[in-house]
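Asks: Attaching a single structure in structure tokens format; questions to follow.
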């Protein structure tokens, strides 16, 4: 019963307070006459307490109450009195008169929605609510008394005087009111006053009127120790004068607002805003002519001050920044700028005072850290940049305020403090605007670059983002600054971060390289080339993220515009990615895709991009036009299109818009329309279809205005323009000046290159010529007019090209004919397996998620000297390019990138429709060295579910890719590529399918520069069977192998010694002529599988490389036929032996030099006899008495003995025997004539027959007829190193006891004969140490050793 009554009484109180709340919304209404009222009321609620429960009516400041303005309408005395009575009655009902000791409790929250008294009345200002939430206000005292007071007063007066010709009237009105509410230690007070005055005067037809009004408001809220005050003063006045022919009026209004927050210690914050406006109008008429005029003046000022730091930065809400939109007014933007600029100034001042030790409110006093305040400033600036449309203005203004207040200097000082380093770097990354960059460069560039490099070395991704972001901004200052940043390690830090997988970091890297390309100048662009920047741009341009891809393409487009480095840039392959990007993206949509370019670039940045619009490279112009189109849309929204006129970009855009380049002209025309400029006449790319007017427009664009009439008179259209020759231009057009004639021909050649001949070119002649080179596209129209098509192309000869097609350049004719032959040979044939392996690595990957890893592998391998092919063009559905298959056939190594689900589409793909499936099968069929790169997230599918033709790929040794340890992974991959592996593991590999071909990695030490294979035994074989080669070319093949190996050693050392790309290509031209159908991308230095430790110098007879040791002329490699390769395939045992190298013949331990020379002569004779017999019989079986101990023993590099390998293990290591370096004349002297020869074979005697002299290699320093040079001092022998595989040491070197001479002779015969058959095995797994050890033992003195040996051998033979 009592509970119900209490609940009812509380409900009545709530209703009463709700009525007060509604009444507060009504405005004051006045009555006639003079009214003066005063009222006061007090409400007291006694409290009843006991030892168990206390009834405390404690209003909470955090409840939702109406604001201060809602209490201004309490004016009607009767309603207020009535409500007061209701409240008093409600409180009286709470006390039980029968039992004064009753315990009164509040109902539970579940029973009554009214949690406390006064829930319907807001006792706080909104700002007070924020202070309450932060713990600054709020008293926990119990409210036992609520006091409400109200006072109001109104006065009015009016006076009027009227006489003849005169009238005067005056009226005044004053009002004042005050309201106050007290509840415990909460005191809210509101006061308001208003005054109005009006005067009217009329004399002899002239009327004047004056009005004035003043309103003053004041609010005050005290909660605990916090006091908030606010005031608002408004004054307005107007005056009017009017007569028959004249009238004038003037109006003025001013407003002043002020608010402050105070504590017992003083003022925390204070804000003041003052604004005023005035307007004057007049009109006058005289004799029917009237004139009017008006003027308006407005002014506004705002002041904000803070005494010390905000005690709770977490409560500093950024709602006004969040609420700003693209439609926000300018006044709102200015107020926000002023507010936060003052806040930044105050915080920076407090931090500076704290650093000096003189701050009254320090960070330690409030229990915070300095980094928190820096992070708060960072948040403010970050949100300012994010505001749509106005973010550029907001961000720039706040960054300027930070610099002007000394905050930028403070941040640079903090760069050397470990505890504040990162938070300062974060803020620096956000505020490096143009002016701030200049300040940093002038006052502390080294500190900022150092902290940026430190951040990039941190494993935390957030640190890397900040570091690369700072470097991105610093590269946008000047050429000198770019040089300094590069010198301090900024560019190296950016390039290292290109390896990461974090999107934000890669975006900073791409933008940083684009900025460096624009601002760096020619000198810094050379530095970029030396650091292989174009190669590192490839994985960025190949990325899936559009922002990363775009700025990487932009960087490469700027670099390629520099003619000095254009050739190096083209090698990276990035330029091929530009056109697909610009054709698949819309400039306006791309501008909105990322905040990084949502506000556009600065004027200086765009000015440096203007020259790219005039680049000769079509890709560079396409991307530059795309960017200006994007910038035009952004600047139009900002109302800043005049910037394009200031940087002189209008004329450049007009030139591009009228050029025949379809892509660039489209974007340039769109940019001009957005700017508001007229679009010039558009020329189609279909030049053969041009009209006479189009030709005249083109002539005008290239600057030959004086000859436009001549072209008009001759009615030259597009067809005739492409047929013009030098005689026509001189005689018919009248270009007599030779230099002008050259200029016109140059422009005409450029036009022919970019022209579109699709209307007439059904045979794809333009595409065929462009693959040879861009200069060859100029012959397209002439060859089409000559009637050359697919059928006639194979029958074209040199006379036809010169006479019918007008190709007077003999070198161009030769290259075209070679391209025709290569086009015929590119079709699959029976000899396709013998195609020259001119490509080092083919990278296969899944486009959906493997492009980044694949492109990263490409860069790493190219930096280590490998030529790499990666497909960047997306193939059409149902089409598999034959050129891609040919690239796989020409590749020595096939790197398979296995990212998550990379083989998912291959499952049950029996028809071989998947591209990755096709590439794997092509690599298996081509006997490529297949190396899987396995991502950590990749899981192998069940082998049984894979198609049978690719199952064996699951059993290959691979490299587990760990992104954080890239260098180690690449080192292991390089060892695989160069032929070092764990033989035992590979030999024990189980084929994927029983009975199928065993696809195992084939690692030989063939020179990478031999085109047709050094040895003839490179034919196809299946299973474990061996095979012989064409014996007629054995010695020639050995010579080529020795020559190529020496070239490899020499070039590999040059690559390691010199960073210059130009020097790295120094000696490739002589050998590249023997390659077949070279690819455009195969211009990078080819790596070498044989890696020597001894440095081979380029000059000097005593330090000649292996190719200089050749006594005969250089012989081009011979290509063996398929029949020759299959000969002797049934005798696989003969290929299981090694032949001694010259080191083994010269380095017998425990003997004198004379004894070693005598032994060498005996071995030469025995080996030559065995080789002759082997050539006749085509097979040689190993001796049966070989023990198991001999089978398991390993062979050392120096002491080579007669040890037979296991019969079931194929040996596939090419060893440099004495035959590699013996001349044919010397062999003829050593071997006696033999007449018993088998058909189809050649002995050493046959090989000694003098041959037709071959052209001498230019770098050969001696021949067989040259005198023997003097013997220089022999260097110390290097310690023999153990051969290691990626998994560790794969073979051990052990010392052996000397064998009897008879056994040694027999072993020599076996190994000598094995050299005939060793090249035929396709599945051999083991490699020999003799070829690797030969150059180590030589120690740069190989030629001297050879000459010494030959001299001693000849002297021994001639002795009786």
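For all residues, glycine too, the Cβ spot is worked out from N, Cα and C.
Because the structure is a prediction, the values reported are computed rather than measured.
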Asks: Between the candidate ranges 1192-1217, 1218-1243, where does Swiss-Prot place the region 'Disordered' annotation?
Replies: 1192-1217
Asks: Would you please say which range out of 27-52, 53-78 has the annotation region 'Disordered' in Swiss-Prot?
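Replies: In Swiss-Prot, the region 'Disordered' feature sits at 27-52.
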Asks: Can you check which of 1121-1148, 1149-1176 Swiss-Prot lists as region 'Disordered'?
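Replies: Among 1121-1148, 1149-1176, the range Swiss-Prot annotates as region 'Disordered' is 1121-1148.
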Asks: Looking at the ranges 926-965, 1046-1085, which is given as region 'Disordered' in Swiss-Prot?
Replies: 1046-1085
Asks: Pick from 997-1026, 1087-1116: which range has region 'Disordered' per Swiss-Prot?
Replies: 997-1026
Asks: Can you tell me whether DSSP puts residue 919 (active site) in helix, strand or coil?
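Replies: Once the DSSP labels are grouped into three classes, residue 919 (active site) ends up as helix.
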Asks: Within its own chain, what residues at least 6 apart in sequence put their Cβ under 8 Å from the Cβ of residue 919 (active site), listed in sequence order?
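Replies: Residue 919 (active site) has long-range Cβ partners 842, 844, 884, 888, 894.
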Asks: Give the mean pLDDT for the domain 'SAM 2' (760-828) on the 0 to 100 scale.
Replies: 83
Asks: Report the DSSP secondary-structure composition of the domain 'TIR' (837-981) as helix, strand and coil residue counts.
Replies: 61 helix, 27 strand, 57 coil
Asks: When the domain 'SAM 2' (760-828) is classified with DSSP, how many of its residues are helical, how many are strand and how many are coil?
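Replies: DSSP classes over the domain 'SAM 2' (760-828) add up to 45 helix, 0 strand, 24 coil.
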